[in-house]
Amino acid sequence: MNKINNANKMYNLVLSGGGVKGIAFAGVCEAFERNVYTFRNIAGVSAGAIAGSLIGSGFIASDLRGILDGLDFGKIKMEDIPKLVSAVAYFEEWRSRNRKDNNSVIDFLSQRPRGIIHKEHEDENSDVNFRGDIIKNVSLYSKEGCLFDGDYLEEWLYGHLIKKGIRTFEDLRGGIVDSCNPNGYRARFLAVDATRRKALVLPDDIEFYQINPDKLEVAKAVRMSASVPFAFKAVEIQVGSGKEKKTYNIVDGGVFDNYPVWMIGDDNKFKTIGFSLDGDEKKKFFSLDTPLNVLKSLISAVHDIGIPKTKNYENKILAKIATGNVSSLDFSLTEEEKEYLFNQGKNAAAGLISKMEYNMRLRYARFRRYPFIFR
């Protein structure tokens, strides 16, 4: 007799970053839906924020797959990359000047950007302020040029969320209150303030910029979380006026932590399931022989460089989705690659569900046999 009731089929969900590979999360959703599981609090970053916002807004798996399939940034021409992303051209010039080898991306990002002067730094004459300050330098380079400005992503997502009546985070109230989510939002996302070099949990931390968390648009927050340096422009938030006006640059939360499991409190009454997109990009060596490989190396170098929270995974069940050689920057995925990613997500989730249900049945059998142990 199956004793897995509905209460045992409610979980929180954490989704990692991973660019276009986020289609795999639609497969995850289908597997859990098919087995009648539901999600309570959701946390995500970058691609996980996009999928998480849609799941948290009530879209079912079949909707999710169609929506994510429709996110089309078009094909990038390799010869256009140095023109669009000036950091690529700066890197190639820097490498030739310094005769550095292929392991020099971090060295490059640690140096004061040559020829780039912004008002917020115009009084800083010493290289000391820039050396090692990768986050600030990434922000400066991103201002000089990116593949996309991010407007399309925000408008595209807004158009879908509004169909479910979701505009601001006030519409996403009704989640489970815990130590990490005191306001009980159903979905929250991670971004990074590159100006202050701080992780931002959205919408909660938007209060610093004199914005009411309830009034922050969900699509805007997701855009912040998904503003991958060099791929998208940072989102600028201006506070104050006149001489007191200050500009803050918000970028992809994956810069600090590409898998923010800590965003769900350990005191939450429901267990947390997390999925990360585990491909070969971090493992493989980019030859830097093409502008695209330089771009991939730059993006790879600025992720997970400052994980801000504890690695205590108590009450959390974590799984990896193998994504093979598919790159997070493959903006022109073939139908076969999309199908592959979807199935990888579905298979990873199905395997996890099978293991969880086996453990639940085993626990129930032990309870029936030795009830005094569980009292």
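A Cβ is built for glycine as well, from the same backbone N, Cα and C atoms used for every other residue.
Features as listed in TrEMBL:
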{"type": "DOMAIN", "residues": "13-265", "note": "domain 'PNPLA'"}
{"type": "MOTIF", "residues": "17-22", "note": "motif 'GXGXXG'"}
{"type": "MOTIF", "residues": "44-48", "note": "motif 'GXSXG'"}
{"type": "ACT_SITE", "residues": "Ser46", "note": "active site, nucleophile"}
{"type": "ACT_SITE", "residues": "Asp252", "note": "active site, proton acceptor"}
**OP:** Kindly state the mean pLDDT of the motif 'GXGXXG' (17-22) in the predicted structure.
**Re:** 93
Subject >> Between the residue listed as 'active site, nucleophile' and Asp252 (active site, proton acceptor), the C-alpha gap once rounded to whole angstrom >> reply: 6
Original post:
Can you tell me how the residues of the motif 'GXSXG' (44-48) break down into helix, strand and coil by DSSP?
Top reply: 2 helix, 1 strand, 2 coil
**OP:** Summarise the motif 'GXGXXG' (17-22) by DSSP state, stating how many residues are helix, strand and coil.
**Re:** 4 helix, 0 strand, 2 coil
